[in-house]
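Residues annotated as repeat 'PPR' in TrEMBL: 141-175, 243-277, 345-379, 447-481, 482-516, 549-583.
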Amino acid sequence: MSDLKPINQSVITSFPCWLTWAAYETRERLAQRSKTWKRALLFILRFPGYIEHGLAEEVFECFDLMRAKEIFPDANSLICVLKACRIAGSVHKCEQIHNDIELWGLMERDLEVANTLVDTYAKLGLFLEAKQVLSALSSRDVVSWTVLISAYVDYEFSDGAFECYEQMQKEHIVPDVVTYVCMLKACNNPDALAKGELIHAEIEKLGMFESNLLVGKTLVDMYVKCHLIPRARQVFNRIMVQDVILWTSLIAGYAEHGPSEEALWCFERLQLQGLYPDAVTFVCSLKAAGCIGALDRGQEIHVEAERQGLLECNNVLGNALVDMYAKCGMLSMAQEVFSKLSVQDVVAWNALITGFVEHGPNNTAIMYFDKMQLEGIFPNAATYIWTLKACGDMGNIEKLRGIHAEIDRRGILEADLVVGSTLVDMYGKCGCLSQAVEVFDRLVDKDVLTWNALIAGYVECALYEQAIKRFDQMQDTGISPNAATYVCVLKACGNSGAADKGIELHRQLERHGLVESNLLVGNSLVDMYSKCGSISQACDVFNKLPVRDVISWTTVMSGYAQIGESKTVFCFFNNMLADGIMPNLITFLVLLSACSRTGLYHASKTFFEVMSQEYGIQPTLEHQNSLIDVLNRIGQLDNAISIIREMPFCPNIVVWRSMLGSCQKWGGATFAKGAFDHAVNLDERNAAVYVLMSHACIAKDIAVTNRSHC
């Protein structure tokens, strides 16, 4: 510093942060300043550079030197120091500068300094102080309000932004482009859509949409985040210059809310316009491909990302690739991409685990869960949720309890409601209802998903009355049921024959408009009435469904099959085909069941052949059982035994019990003995087998006695 030459007048006046009084210093007086004074001046001259490079401490050092030498800073210097307070997050320094501004009377004399003070307090999260400064100003302009609105938006305090916007308008201050952009960002959730639409209308009225690209981009982003993708598309189509960021915003909306096909279409259009996708575009497009299982498109996107050299430097993109391949069921490819990642973080591990839970085998998902921890990666809430599902699907109670203990140790159970709800759900699936209830009772907050998990557990364990009681209890606590709740409780009503409760639920569903708007609920209602024997009401609900799928048709057919109305079942089947709905495995099971109840062997044989020959549906053991049951019911035991011997499945106990029942009805001691031996080998504790064998023996004795009397 000692060899620096004196600073001449032209150099001094060329710096915007120079002190007002310094402009009038003579060359001679400057030359007389001490070494410390020269250092302070040089720091001042470097204010803008320090701010640009985030060197807040150097700015503070300079400012402290000025104070020590009783040098009076100008407005630009104070603005630079306040910006440094934001960079450093220094509340103390900001308060010190505030005191100086008050002391020097700059609050009233310089609105730019006052606005910067409001901005600094707000960006530091001190909204009370920011509002106090704003309120103290005798004059406020659009910047005064906009800096506060911007900070509220950054901190996601939308209500504060709306309050400021309303007050600003009351003071007849006209918002500018920056204000509108901030307010549109404040409306980035479905609850604020109405306000966003009003602001959109103001923008259109002022003609800002056509003149400012940033406004258009922010509008698209707002509608995307409000889940109103068609509206976002309308705005998008009106924007003259469509850059990568704009396309990516639209692609992200389609990827998140659907239809995913549109996201992939937009990705193609973007490239056709000569634009190059960035990493975010690739990530969103891969997500869309994974959601619909579009493996070919996903692979094309993979090749393009690799060609642009983005995979080596972007771990988020690598994770998106693992996720896409996992969702498409290409688990070997997901593993290959995963192995090449430079950093295998928790997101990458979760993508792999999720893929194995969705496509199997579940034990591989659990293996990766264990492996990630061995490699020092801590599971997050999503990891636990998917691994718990793997345990539940496998019925691996021991591992489920182990993960539960780990969740407890880390304090996640109380902190994350979704983890708690999943734990309740999986214990219920594994039949460990007491533990499901124990976890449920420990949860401080319970939402509809938590209650659904518990109710589903009771239904899974065939405790239907308790499921209905829990449903009533849920409503008593003020939690409103959703569609999934009703589906579960309707199943409980149907399986327990609780027709009165089912009718009550039907009324609730009608009030909420869920019967017509939710097909799953409508189908469940048909099923409930069918199982309760109210087939006319089941048919009435079925006829009112605006859309019917294969489940709708199969459910109503099942109801008629249960009461032996085989002709009506066949009629519904023909109508279903005429409606363009293809049958599934369950449909043919219902048809075979209808034939079995009425002893229609030829019809059952026809359906059995048709399902594979015309619809490509391979019969399962249950279909074979139904065909055997028809033969047993009409006394063709020889044919039944022939089918048992020829079928590609090992007969289960249901087959042998059916044979024993037929032997009792038609007589067939030889068949009965063989069926009994097979049944006992499968389950020697099955009481029904012994009862049926006993009845078959009695029937044989009666038949012998009757013949001896002839």
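Quick reminder: no glycine exception, Cβ is built from N, Cα and C everywhere.
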Open item on the list: Below 8 angstroms Cβ to Cβ, which residues of this chain, lying six or more residues outside the repeat 'PPR' (482-516), approach it?
Closed with: 448, 451-452, 455-456, 458-459, 462, 464-465, 467-468, 471, 474, 522, 524-525, 527-534, 541, 544-546
- [ ] Express the predicted model's confidence over the repeat 'PPR' (447-481) as a mean pLDDT, rounded to an integer.
- [x] 96
- [ ] Please work out the helix, strand and coil residue numbers for the repeat 'PPR' (447-481) from the DSSP assignment.
- [x] 26 helix, 0 strand, 9 coil
Task: DSSP residue counts for the repeat 'PPR' (141-175), split into helix, strand and coil - done: 26 helix, 0 strand, 9 coil
Task: For the repeat 'PPR' (549-583), residues assigned helix / strand / coil by DSSP - done: 26 helix, 0 strand, 9 coil
